[in-house]
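**Q** Here it is, the structure in full.
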Amino acid sequence: MALVNAQTLKSELEMFDVPCQDEIVLDKMVEQCICSRIQADEMVLEWVAYSSTKNGLKLSMDTLEQFEHEVLNKKKSKPSFRKDDTHNRTRDIHSLQELIKAEEEEDNLLDSYSTPAKGSQKRALTTPEHPQSKRSAALLASPGLLLSPASFSPSATPSQKYSQRGGKGEVVVTFGAVQGTRWVGKRSPGAGVPLELLEGSEDSLSSSYKYMFQRLRDVRNVLTEKIEELGESLKSHFSIEEFSPVSLPAQDGITVLGQVCCDSNGKLNAQSVLLEAGPEQGGQQVPVDLSELNAYSLFPGQVVVMEGMNTTGRKLMASKLYEGVPLPFYTPEIKMEMDEVAEPVNVLVACGPYTPSNTLTFDPLLDLITVIVRDRPDVCLLLGPFVDSKHEQIEKAQVTETFEAIFSRCIESIVDGTKSVGCRLVFVPSQRDIHHHFIYPQPPFTLPNLSKDQAKRVSLVPDPCTLLIDGVTFGLTSTDILFHMGAEEISCGTGSDRFSRILKHILTQRSYYPLFPPVEDVNMDYEKFQCFAQMPLTPDVLIIPSELRYFVKDVVGCVCVNPGRLTKGQVGGTYSRLLIHRSTTSEDGKRESPCLAAQVVKI
């Protein structure tokens, strides 16, 4: 039971326009909630129903005592259906349905006494007086769209805020030559787009694995190898002769290599920066004074090279910071013939959750399927969560079907709903998918029930991964590394926006998750991380969804796209669409971006 406080009760009372400024009265109500073991919203509903029967009784200490005697005490003495009938036996589907029915009867009784709040989410009753809406009936009857909300949740009422959203189809971000661009796939359903994992299925994470067995020594080895590998690239790029040990006293300027870390468990700041060297440079930690640097951008786990003075061996006075170097872009082994003119490929990108936070109706997903059927993209990149562990009804265990069943039905609906389009579908798991392995790197989904025809169009890939789509490389990750690094990064005098700085760090650190230690939400397996979460090259397009604001940016030649989430709380969110073409080299030998145009659009 969630903790009830005076502020919660006050906001619930304000919803019903019941004035209450007396703190003593609110404290009394809190006490009654705790003693009667009821939530704030249920308490307020009981009071509103009671006061309505008493000709609008005012809220005071006397009336509260009267209310406790006449309503709450009787409620306590009633035999509780929930405790007596279902607590001591396994809650199968039938007992859950009985419980739901009993709750509905209670709610209907309350509703007959009380005036519903503004925007209250009342259950959709399908009786002759309250017929089912035409849209719901059509969806349930449709063999292609199997998303029957009533089977997921007892309170599967469509979200009013989502259905009443404004700006449907509004373009909120544009990139490239969007003027006159037709956002419709030109290829016929039979003509598939070449799509594969860049490193091949043998060298990619293709199945689940055992985790929670890593030793600290193994983690240390992975981090050491990362320092040495990035150190070698920095050494050759900046023509550095050799690195000095970080903690060795020296009267001359030295050049040191190491990993940025914090001197405590708190957030990194300019006074708490440590530089930790690899074993070859002594493996020591030394505090760093950043006051002489004109500009810097640092985060825990970043591998850097610094020049400075360390006269005592106890503190490094940094005078110069060397930026990391990104990997080269993809170059095809077989050059395309000039007369082989390929059409641009239309790619749609969407990231979950695919339901509003207050209901398990998949209306946003159905709207997305409608967009796919209308625009006929060649490839759809769909990132999780599909069954969101942070959803209100899943957190409160109000779901009457297994998570796997909800997921299977969701995927079947997408596959069947886009059958007429014939587009390639790519499904990327998320750390928030409650039915899937909660580990990073994350293995791909398994869908054993797909038919052979469906399996030809569907690609199940891990998180993270690098795809090759018609000669263009895509880096994909559903983990919110932007948000995680944004909370840890410190900067001074860089002159660039935060998104661009973080994206540049990801590309120059050559990893889909360069932060160390990772946030508590991410369970990292470092052995697999070393194999499957490093960038094999700089991708042409990096898809990096986040809770932060959507964008499309060109960072060191890589087009970085945050498509936003398809739903933001109870309201609609955004998705993205891109027009890509095989990369060509211009006459002067410079690389041209394969991303011709990109947009972020409101659902």
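Note: Cβ is positioned from N, Cα and C throughout, glycine not excepted.
According to TrEMBL, the record shows the following:
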- 7-74: domain 'DNA polymerase alpha subunit B N-terminal' (DOMAIN)
- 220-324: domain 'DNA polymerase alpha subunit B OB' (DOMAIN)
- 347-553: domain 'DNA polymerase alpha/delta/epsilon subunit B' (DOMAIN)
- 107-137: region 'Disordered' (REGION)
**Q** For the domain 'DNA polymerase alpha subunit B OB' (220-324), what does DSSP give as the number of helix, strand and coil residues?
**A** 21 helix, 40 strand, 44 coil
**Q** Across the domain 'DNA polymerase alpha subunit B N-terminal' (7-74), what are the DSSP residue counts per state (helix, strand, coil)?
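**A** The counts are 51 helix, 0 strand, 17 coil.
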**Q** Taking the domain 'DNA polymerase alpha subunit B N-terminal' (7-74) alone, what is its mean pLDDT?
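**A** In the predicted model, the domain 'DNA polymerase alpha subunit B N-terminal' (7-74) has a mean pLDDT of 86.
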